[in-house]
Amino acid sequence: MKKLLFAIPLVVPFYSHSAETVESCLAKPHTENSFTNVWKDDKTLDRYANYEGCLWNATGVVVCTGDETQCYGTWVPIGLAIPENEGGGSEGGGSEGGGSEGGGTKPPEYGDTPIPGYTYINPLDGTYPPGTEQNPANPNPSLEESQPLNTFMFQNNRFRNRQGALTVYTGTVTQGTDPVKTYYQYTPVSSKAMYDAYWNGKFRDCAFHSGFNEDPFVCEYQGQSSDLPQPPVNAGGGSGGGSGGGSEGGGSEGGGSEGGGSEGGGSGGGSGSGDFDYEKMANANKGAMTENADENALQSDAKGKLDSVATDYGAAIDGFIGDVSGLANGNGATGDFAGSNSQMAQVGDGDNSPLMNNFRQYLPSLPQSVECRPFVFSAGKPYEFSIDCDKINLFRGVFAFLLYVATFMYVFSTFANILRNKES
């Protein structure tokens, strides 16, 4: 009896902390909060958590961490808390946990109707206003040599963010004749990029966009960056398992690293294997590094700079020629020669004295013709005599003719000797 009385204080607090009833739980207000130890129902995909003796269901925009055990959302009380071993299988353990095969459910992004518990934004629903980066009414498609890596599937369409716009895969295009090359065409559907939190090309629980005029539907990962890394290319499927493993063991779409159930306590470890496509990755890097390059703009910019340099050099040369011409013609020292004014002022007329004047003194004096005047000998003497101009002009004409003949003969004989020497 004493032992029983001693045990009563230990048993009463154990039951008193969970004195909630269904009515008291349902009367609790909704709360927007982040709960831990969250599990997901394998069939409805709803998320549940025990808190303060009540069972809560996550509604609205549900955002979870990478291991999906902590989620943020609008939590609604639906009844009394349930033991952890009776959960939906995500907590591992109980006999009613997730199956032992760990095959995983079909990724919801391939369906046309969103599955409850997931948040979607349809890239084709027309909620994207026109912008300046791209004009969806007059799209400018981009052609890729190979299917790019950074794409994601949604409602049977493949999308890609590129150059500040959301683009959608619209088929293949062939160009050329020898050889014929096939390109993958992506056409803009929005003037804004769509930022998505996904792994292995799949949406997880949150897709959001930003920068719109309307009130955007934005959600972020709590405790984890929304920019998740890309998995290896062509990763193989994981081999999930474990007796208490969650429903998302290996993943039917090649989850690779999520084997064994990321939400459960199962002991099975997933494994993924695949060949890394180096060529595809190289093409993706090439496209990422060159997608913003505008060849025409670069050529135009280079041509403009070269034309400017050529114009400056041409103007400098023209100015120098003008300065030299002015200095030679006595127009003053200007431009490049303006600094020599003080020195030139000490010579002649300074910079107003043509340079040619300084060279004329070194030129030989050539005879100049004058008006004919009679030659008078011994003027005023008894034996004075004179030669009239008509006789002088006659002599000049005869002498000039003889000089012409002699010059012609000299030139003719010179060329004749050259020709004779060439023939011999």
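Cβ atoms are placed via backbone N, Cα and C, with glycine included.
If you look up Swiss-Prot, you'll see 1-18 marked as signal peptide, on the strength of similarity to another entry.
Taking H, G and I as helix, E and B as strand and the rest as coil, DSSP gives the region 'N1' (19-85) the counts 7 helix, 33 strand, 27 coil. According to Swiss-Prot, the feature region 'N1' maps to 19-85.
Residues or ranges marked as disulfide bond in Swiss-Prot: Cys25-Cys54 (among others). Using a 10 Å radius centred on the Cβ of Cys54 (disulfide bond) and all shown protein chains, the other Cβ atoms total 22.
Among the features that Swiss-Prot reports, disulfide bond is placed at Cys64-Cys71 (among others), with the record citing similarity to another entry. Cβ neighbours within 10 Å of Cys64 (disulfide bond), excluding its own Cβ and spanning all shown chains: 24.
The region 'Disordered' annotation in Swiss-Prot covers 83-147 (among others).
Feature annotation from Swiss-Prot assigns region 'G1 (Gly-rich linker)' to 86-104.
For 86-105 (among others), the entry in Swiss-Prot reads compositional bias 'Gly residues'.
According to Swiss-Prot, the feature region 'Hinge' maps to 105-141, an assignment based on similarity to another entry.
Annotation comment: Swiss-Prot describes 132-147 as compositional bias 'Polar residues'.
Here Swiss-Prot flags 142-228 as region 'N2'.
Feature annotation from Swiss-Prot assigns disulfide bond to Cys206-Cys219 (among others).
If you look up Swiss-Prot, you'll see 222-279 (among others) marked as region 'Disordered'.
The compositional bias 'Gly residues' annotation in Swiss-Prot covers 235-273 (among others).
The region 'G2 (Gly-rich linker)' annotation in Swiss-Prot covers 236-274.
Among the features that Swiss-Prot reports, region 'Not essential for gene 3 function' is placed at 253-262.
If you look up Swiss-Prot, you'll see 275-424 marked as region 'CT'.
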Neighbour count (Cβ, 10 Å) for Cys25 (disulfide bond): 19
Mean of pLDDT values spanning the region 'Not essential for gene 3 function' (253-262): 35
